[in-house]
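**Q** From TrEMBL, for reference:
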- 23, 181, 185: Zn(2+) binding site (BINDING)
């Protein structure tokens, strides 16, 4: 997705306020919530069949059909009912796409079991810090990168479907794993600052976890001494 700004913002899709709001409020802002990350992955995959304006206009239907993108609920969906002709879901995506959403929810739950969260898994590919591209012109923004290819291969290896490198890079752009706003865009600095705030929060959380771990270790040593 090419950036929408040259000076402040140059809207590429006139008359689509939902698209403008999406750019201003979501696109490139670092996401760390598993449910939201799953939603953006689904919407990014939907681009193979729909455009962003159509997806955003129907976003409320996506959320209704996929139960606000709750991973456990989606994984337990009645697949036959979901893909049945005439169902609300079929008004959104093809049968194969719908089946892939259910399958991906199951595989992401396995990832969460292994890594603790989907957030920890996906952000680990960029060392928990957004890639800042600093593009000056829309033509410089790629549709995929080697990093997206790496993530795509790992996702596919883990059983996820419809997650090719182009889909993954779109996901990275929206979820803020890469800041592809043009440097002239007012959202560029905003996303950089948001990433910095998230980084500081993560450091504080890690420091707190390390502190708890040290306390537990000291307590265990004390118990061992008493036992002796």
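Note that Cβ sites are derived from N, Cα and C of the backbone, with glycine treated the same way.
Show me how these features fit into the structure around them.
**A** Following the DSSP three-state reduction, the secondary structure of residue 185 (Zn(2+) binding site) is coil.
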**Q** What is the total of other Cβ atoms whose distance to the Cβ of residue 23 (Zn(2+) binding site) is within 10 Å?
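**A** Excluding its own Cβ, the number within 10 Å is 23.
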**Q** For residue 181 (Zn(2+) binding site), just count the other CB atoms lying within 10 A of its CB, please.
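**A** So the Cβ neighbour count for residue 181 (Zn(2+) binding site) comes to 27.
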